[in-house]
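Q: Dropping the structure in here first, questions after.
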Amino acid sequence: MANEPQEHEEGKPFFPPLGDSGEEGPPNIPQDPTPGTPPGPINSKNEDYPPPLENPGPNKSEGPPDGSGNSSPPVTMLVKNNGDRTKQDVSESGGNNSAPNSVESKHTSSSSSAGNGNETKCPDEQNTQECITTIYIPWEDAKPKLMGLVKLDSSDSEEERSPFNKYPKNYKKLRVDMGENWPPGIPPPQLPPRPANLGQKQSATSKNGPQIILREATEVESQQATDGQLNHRVEKVEKKLTCVICLLIGILVLLILLFMLGFLFLLMK
């Protein structure tokens with residue numbers, strides 16, 4: 001009867017059967033320890049959680065496995081030698097710890113050999129043409145060799161070869177007198193004649209500054225006074241002219257009136 005399926009009613013929790021009996025029951029859940037007691041191992045002999053299988057490794061006391069039992073596949077590497085890729089099989093031997101070291105040693109040796117193939121060494125240090133193409137050459141060693149490649153003209157003097165001697169430090173400064181160093185065969189430029197009063201006022205003010213300032217102040221005051229007097233005189237003349245013009249206009253008006261009255265008197269007779 002244990003193999004028959006158990007019927008389950010709706011609304012009730014379902015519990016799987018325990019052991020060989022077909023009775024339903026709660027699952028085997030470990031109970032919490034009673035208060036006041038330290039927690040201990042939880043049902044270490046439970047069949048639902050079997051202990052993990054131990055995998056004996058190389059660090060165990062059994063020692064390394066035999067050569068006959070070694071079933072690890074060979075390791076394939078790509079090694080670059082002089083631009084060509086070739087496959088190289090590396091077999092592990094002498095345990096798991098020795099295999100990576102052997103692979104690394106072979107890899108480093110292959111990489112070093114490949115690096116040595118790409119280097120360009122100078123066969124003759126005296127030949128500057130070939131030594132310039134070297135990669136690992138310091139600048140202190142290459143500088144005199146590069147300077148030796150520059151072909152100097154034997155006709156040039158030592159002063160002309162050196163730019164510092166050819167162009168002195170003060171060559172950019174303006175020369176005061178161009179007549180001394182003027183090149184021969186070229187006439188010097190004709191300068192305009194110097195004015196006689198050039199810089200006279202500046203020199204006077206620099207020598208007698210306060211006196212010149214006072215003198216100029218008095219001159220300005222006198223000029224203002226004369227201008228004021230002239231303006232006053234002009235105003236007086238304008239007033240006189242206006243008076244004369246008004247008198248003339250009045251006289252003309254009176255003459256016209258007298259002429260009209262005399263003409264009317266004659267008409268009445």
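For all residues, glycine too, the Cβ spot is worked out from N, Cα and C.
Pasting the relevant annotations from Swiss-Prot:
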type     : residues : note
COMPBIAS : 1-12     : compositional bias 'Basic and acidic residues'
COMPBIAS : 61-74    : compositional bias 'Low complexity'
COMPBIAS : 91-101   : compositional bias 'Polar residues'
COMPBIAS : 114-127  : compositional bias 'Polar residues'
REGION   : 1-127    : region 'Disordered'
REGION   : 158-167  : region 'CSKH/LBD2'
REGION   : 186-195  : region 'SH3B/LBD1'
TOPO_DOM : 1-246    : topological domain 'Cytoplasmic'
TRANSMEM : 247-267  : transmembrane segment
Q: What mean pLDDT score does the region 'SH3B/LBD1' (186-195) have in the model?
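A: Taking every residue of the region 'SH3B/LBD1' (186-195) together, the mean pLDDT is 72.
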Q: Restricting to the same chain and to residues at least six past its boundaries, which positions have a Cβ under 8 Å from a Cβ of the transmembrane segment (247-267)?
A: none
Q: When the region 'SH3B/LBD1' (186-195) is classified with DSSP, how many of its residues are helical, how many are strand and how many are coil?
A: 0 helix, 0 strand, 10 coil
